[in-house]
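As written in TrEMBL, here are the features:
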type     : residues : note
TRANSMEM : 22-42    : transmembrane segment
DOMAIN   : 33-274   : domain 'G-protein coupled receptors family 1 profile'
TRANSMEM : 49-68    : transmembrane segment
TRANSMEM : 102-128  : transmembrane segment
TRANSMEM : 140-162  : transmembrane segment
TRANSMEM : 168-192  : transmembrane segment
TRANSMEM : 213-235  : transmembrane segment
TRANSMEM : 255-276  : transmembrane segment
Amino acid sequence: ENISDFSLNVTDCTQVVVPEEVFFTVAAAGILENLLVLVAVIRNKNLHLPMYFFICSLAISDMLGSLYKTLENIFIILCKMGYLTRRGDFEKKLDDAMDSMFILSLLGSIFSLLAIAADRYITIFYALRYHNIMTLRRAVVILAIIWTFCAGSSIAIALFSYEAATVIPFTILFPLMMFFILCLYVHMFLLARSHAKKIASLPTSAVHQRTNMKGAITLTIFLGVFLCCWAPFVLHILLARFCPHNPYCACYMSIFHVNGTLIMCNAIIDPMIFAFRSPELRSTFKKMFCCAR
């Protein structure tokens, strides 16, 4: 709806439509995979650690994103069938609720990645005091604060999304948070080598350091996947706000469905990274499947 008739007339780009079957398949796979991660962490007491709690927070964010796209497609199908109208009061409230869920998914993913990055930073550079600094109780408190803030922000942004004063901070928040996380990771890798030399004389320090760096690399992969999957959609929001009539902007916005599919792909890729990089989680998955059989 952000692309006007004028923009469509001045560009030769045609709307790229992703079949609804693809949306539902990708969304269902993302929900099931992340639900499997949550069940695995709950069942295995060895995974009751702050890092895995933050990973569960990221999994919940991915599930919300997939659930949002599923509900959105159902809403569109019902509108096409004539059971719902696009401008009714009930439909407006339903649309606001779905927008709130989408924003909650985005903010939850950003702050979960930030929490994971901070946890890895403490693990690498304050390894001997990690269990005193990052306790389970503190991790739960951090997650409670994160989700309370994200829920309040998502409701406020969804209710006032048509105000430029709200849309602009929302679109600025994404690149700022990503820049901050990137700086944190760069700082970690620049200091990791010197830190490893300082603790090299400690017992089992080399093995512990390799484990911590493996965790940092894993979470760097998470960050890269998140940027690739979410950045195109955030760019779409910026272009729709600031240059909806520009033919080049309209041409980019013609791949809106593709950008939405990328968001759901993020929910599928993250659990695969969990299983590939975490032997303990991979072992838990195998035990779950064996018991099911």
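Yeah, the Cβs are placed from backbone N, Cα and C, and that goes for glycine too.
TrEMBL annotations: computationally assigned, not manually curated.
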The transmembrane segment (255-276) touching the transmembrane segment (22-42) per 3+ Cβ pairs under 8 Å rule: yes
Mean of pLDDT values spanning the domain 'G-protein coupled receptors family 1 profile' (33-274): 79
